[in-house]
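Novice: Encoded as structure tokens, here's the structure I'll be asking about.
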């Protein structure tokens with residue numbers, strides 16, 4: 001049983017996700033974390049008892065491509081990261097455009113500057 | 001040419017125990033697409049980790065969901081203990097496993113009751129829930145709570161169970177096995193139940209894997225995976241294996257859950273016979289500094305817990321990926337091509353927990 005976290009470059013994500021899928025790994029979770037004024041995105045894959053996480057560091061406003069073209073099941077978790085953290089995720093196949101949760105504040109879990117965004121209402 | 005229409009389903013519907021909304025795109029009576037909409041009960045519980053002491057947060061984690069309450073507390077504690085390299089006493093790990101397996105029995109019996117209710121089989125519904133009450137009574141007698149019982153703590157558990165109580169639990173479990181037999185026979189052999197479940201909502205093994213299905217839903221499609229085999233709590237000391245079926249339909253999902261109840265009885269008998277003596281918790285010094293992902297097999301399937309500490313008493317991040325989050329995409333696959341009248345039953349057979357999903 002292995003359990004490791006690999007730090008990768010943003011540009012390598014799609015290629016590595018395709019390779020994971022071809023090797024029979026299942027996308028288990030996507031997690032966003034706010035670190036200072038930036039983000040950390042973790043993509044965890046599971047195959048039998050093995051678990052591996054790909055880790056990307058993102059600057060605020062730095063877009064990242066969606067994994068839904070490779071793993072369609074990623075849509076809920078990507079929408080959640082976009083809405084709660086303000087991560088810019090491009091080309092989600094089922095994009096809720098920040099309407100997944102009925103919340104009044106934009107990116108409430110995001111960097112502090114984002115958390116202070118005012119509700120238009 | 002078929003007439004195309006869109007029917008809103010939920011968030012309030014007699015068969016839905018929790019709020020999920022689906023826009024069902026129909027051609028005549030056949031569903032061609034289902035667009036899910038959640039977000040009615042989002043509470044932002046993960047964010048609270050930044051303002052609660054990491055020891056206090058156990059009580060928040062337990063309140064993510066009523067049915068999986070103990071499991072969420074366990075998952076959170078295990079993840080923090082992993083980060084802090086805490087060696088939990090063996091007796092505490094056995095006690096956690098005992099409450100976890102009882103939670104699985106109670107969750108599956110609750111689901112069976114809801115299924116019977118959805119089928120219009122009131123007597124079966126009441127018999128399933130009558131049996132579930134015995135598990136809740138065990139919770140009450142061992143912890144003082146029936147649903148949320150707050151016995152987990154970082155470093156072990158808060159309450160012990162003495163030998164006479166363990167013996168009594170063992171006896172109750174044998175009685176429950178006897179009581180479960182006619183209920184099980186009815187679910188698996190009754191003509192009306194069979195006619196409603198067999199061949200409905202078939203999810204192939206490949207579909208289930210690609211869509212990320214977990215838990216009984218995945219195992220009913222033949223995926224041989226159960227995250228208890230990763231060996232958390234006391235599972236490494238116990239003999240069990242994933243229970244699978246190959247049909248992938250609603251009947252298989254029901255069959256797997258029934259077999260898992262019997263398996264939990266066996267695990268509990270073995271556990272009670274092996275439980276060691278000793279302490280039930282260890283003192284915790286310092287604060288978590290580091291991160292980890294761990295997997296826990298909740299009654300509804302694999303849940304993933306992520307904890308990131310920064311050396312202070314407040315964590316940077318706690319993340320919970322619930323089984324229902326993983327089971328919604330395969331549910332959408334199931335709904336494509338089904339009859340409108342089958343939608344409630346198909347949603348029910350994934351055993352959705354929206355409260356967990358939205359946190």
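Just so you know, glycine gets a Cβ as well, placed from its N, Cα and C.
Sharing the record's features from TrEMBL:
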BINDING   B:46, B:320  Mg(2+) binding site
BINDING   B:65, B:68, B:353  Ni(2+) binding site
BINDING   B:68, B:356  Fe cation binding site
DOMAIN    B:119-282  domain 'NADH-quinone oxidoreductase subunit D'
DOMAIN    B:287-359  domain 'NADH-quinone oxidoreductase subunit D'
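What's the neighbourhood like for these features in this structure?
Specialist: Note on residue B:320 (Mg(2+) binding site): other Cβ atoms within 10 Å of its Cβ, all shown chains, come to 25.
For the recorded site, residue B:68 (Ni(2+) binding site), the DSSP three-state label reads coil. For residue B:68 (Ni(2+) binding site), the Cβ neighbour count at a 10 Å cut-off comes to 27, with all displayed protein chains included.
The number of other CB atoms found within 10 A of the CB of residue B:356 (Fe cation binding site), across every protein chain shown, is 26.
The residues of the domain 'NADH-quinone oxidoreductase subunit D' (B:287-359), classed with DSSP into helix (H, G, I), strand (E, B) and coil, number 28 helix, 26 strand, 19 coil.
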Novice: What Cα-Cα separation, expressed in whole Å, is found between residue B:65 (Ni(2+) binding site) and residue B:356 (Fe cation binding site)?
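Specialist: Spelling it out, the Cα of residue B:65 (Ni(2+) binding site) and the Cα of residue B:356 (Fe cation binding site) are 5 Å apart.
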Novice: Where residue B:320 (Mg(2+) binding site) and residue B:356 (Fe cation binding site) are concerned, what is their Cα separation in Å, rounded?
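Specialist: A Cα-Cα distance of 9 Å.
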Novice: Could you state the CA-to-CA distance between residue B:46 (Mg(2+) binding site) and residue B:353 (Ni(2+) binding site) to the nearest Å?
Specialist: 17
Novice: Looking at the binding-site residues B:65, B:353, which sits with the largest number of other Cβ atoms within 10 Å of its Cβ?
Specialist: B:65
Novice: What is the total of other Cβ atoms whose distance to the Cβ of residue B:46 (Mg(2+) binding site) is within 10 Å?
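Specialist: Its Cβ shell of radius 10 Å holds 20 other Cβ atoms.
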Novice: Using the Cβ center of B:65, B:68, B:353 as the Ni(2+) site position, which other residues in that chain lie within 8 Å, going by their Cβ?
Specialist: B:64, B:66, B:67, B:69, B:71, B:72, B:298, B:300, B:322, B:324, B:355, B:356
Novice: Quick one: Cα separation, residue B:356 (Fe cation binding site) versus residue B:68 (Ni(2+) binding site), in Å?
Specialist: 8
